[in-house]
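Colleague: Quick one: the structure is below, questions incoming.
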Amino acid sequence: LDGSSKGMSQDSQHGKWTISSSDDDNDEALPPSGTATSGSRQPTESSHSSYRSSAAKNKLNPVKYETSPSLAGKRKKVASDSTGWALSDSDEDDGEVKGKSLSDLPKKAPPNPKTKKPKVESERPPSPHGRLYYIDEPDDFFESCLPPLNDTYRFYLNKVTGLEKKYNSGALHIRDILSPLFGTLKESVQFNYCFDIAWMVKQYPSEFRDRPVLIVHGDKREAKARLIQQAQPFPHVRFCQAKLDIAFGTHHTKMMLLWYEEGFRVIILTSNLIRADWYQKTQGMWMSPLYPRLPKESSASAGESPTFFKRDLLEYLASYRAPELEEWIQRIKEHDLSETRVYLVGSTPGRYVGSDMERWGHLRLRKLLYEHTNPIPGEERWPVIGQFSSIGSMGLDKSKWLAGEFQRTLTTLGKSSLRPDPPMHLLYPSVEDVRMSLEGYPAGGSLPYSIQTAQKQLWLHSYFHRWKAEATGRSHAMPHIKTYMRASPDFSQLAWFLVTSANLSKAAWGALEKNNTQMMVRSYELGVLYLPSAFVRATYYLMCTNMMDVSLQGMKTFSVDKNPFPVSPWIWNIPYSQAPDTHGNIWVPS
């Protein structure tokens, strides 16, 4: 996190951008505009899933940088391992091109159109660097005893390979979460967007590896077939397909339901179930307490928390209308969730009217902030901070959505009728942040902001601030975490804090329609909201002790870079060939 401003001019090292004259308020069927790279295609209903699966059809590789002068101005040769990889999640909601790929360079002769394409293998390699990229974690990387836990806020970062040991203290890897130290697992559900089934199964300890697992996903057609094929060697893995009835929606929720002999636990997180997401990226999660089983004959309202978390979780699960989740709904009803101190903020696809408009998306967040926070003196100086890993289309000017309905939600504090216009800081990695990251340019494959979208909303770039997380050593671990908060002017206090799967997009948060009488949401999302009023013995403003390892004291130490020069935000489908990244690669989309 950093306060260094990233203004964006229309002229950049990639040439002059032109703004399309098309109005992108209509998210349903927009063609790509601007200077699309080769290989652009008209999106289909399943373009979000094909975005991930395109890795199986197209080689995605960083290109090796050569320092030899003889190669000046020429294409650089391909990295030695040419295997493909699975990209992480995208949130573009306007029907633009979702999947761009890097092809093998130098280019070979064009294939004979009559030649049959080889069959796509079901296995997806886990890294853009190729199979040989990952290094083995040290023996003490995974906990052999219960890690130090933050029992008050239950917010954790993921472990990052390659950091000093102190920066991983108190952080959790998926192997830690699933270890016997947290309970004797009987069954589990994995809600997610992107899966590597074989890798996921290996993360369960050997004694739990054959316990039933239900996968809740949003894949359709070919992507669904590939997912099912991945699971063929694992008869204990079953599937539940989430209904996605509105175009360009995704099943983006990331949640684990863990049923133990000792009770039940919920994990709401930001990581996909692929190794790249648990390796050198910054992720976050909320881990519930161990919920005990209620006594038999308990009333229907038993086990509810002050935040009505149980009711809201059951309502969220019911929204899937899936028979496969019925037994889990019943199990939750039989457990005591009263110790929960966070509020659930979810999105489910649909068009909502009346009181249902406040059930999901940003209007759900607005309702909670209205009912459970209070106005603050001088709040017009308290900035709203949003931090995310993907950006959707938000219109030709800020009033279309961001500075209109969404900002009104984020600036709500209690029942005050005043609507001050505080600063809004949007944290998103720059090109230099990606280049110098632990992963190098391939980290940008999980930051899918396209040139087609960016060139139509240049106004957005004046909001940008660079990613920095010095307190936890994660400045070079590119963020896949998504957080939103309201901070004091000196960043020493937080009025509220949200960790969620929802990126900066109308698809994730919903958008008002029909003269503000209807809310339309495209995607499934899930997050937890921390409000000071929900924590017994907490100070009025929530101390988010583990968010970037930030306490009240830690937030005062954030450096604010006053440099006025413009810094380019990362755009994932244009070339970066002027300078190599930390692995000696350049980035050349096809």
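Our numbering is plain: 1 for the first residue shown, then up by one each step along the chain.
Glycine is treated like the rest: Cβ placed from N, Cα and C.
Where the annotation comes from TrEMBL, it is an automatic prediction and has not been curated.
The active site, nucleophile feature in TrEMBL is assigned to His252. Per TrEMBL, active site, proton donor/acceptor is recorded for His480. According to TrEMBL, the feature substrate binding site maps to Lys254, Lys482. As annotated by TrEMBL, compositional bias 'Polar residues' applies to 1-12, 34-45. Taken from TrEMBL, the feature compositional bias 'Basic and acidic residues' covers 96-107. The region 'Disordered' annotation in TrEMBL covers 1-130. Per TrEMBL, the feature site 'Interaction with DNA' maps to Ser505.
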Colleague: Report, in whole Å, the straight Cα-to-Cα distance of Lys254 (substrate binding site) from His480 (active site, proton donor/acceptor).
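Modeller: A Cα-Cα distance of 12 Å.
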Colleague: Sorry to bug you, but what's the C-alpha spacing from Ser505 (site 'Interaction with DNA') to Lys254 (substrate binding site), rounded to the closest Å?
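Modeller: So the Cα of Ser505 (site 'Interaction with DNA') lies 17 Å away from that of Lys254 (substrate binding site).
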Colleague: Counting Cβ atoms within 10 Å of each candidate's own Cβ, which of the recorded positions His252, Lys254, His480, Lys482 comes out highest?
Modeller: His252
Colleague: Just to verify a number: CA distance, His252 (active site, nucleophile) to Ser505 (site 'Interaction with DNA'), in angstrom, no decimals.
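Modeller: Given the Cα positions, His252 (active site, nucleophile) is 12 Å from Ser505 (site 'Interaction with DNA').
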Colleague: List the Cα distance (Å, whole number) between Lys482 (substrate binding site) and Ser505 (site 'Interaction with DNA').
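Modeller: Approximately 12 Å lies between the Cα of Lys482 (substrate binding site) and that of Ser505 (site 'Interaction with DNA').
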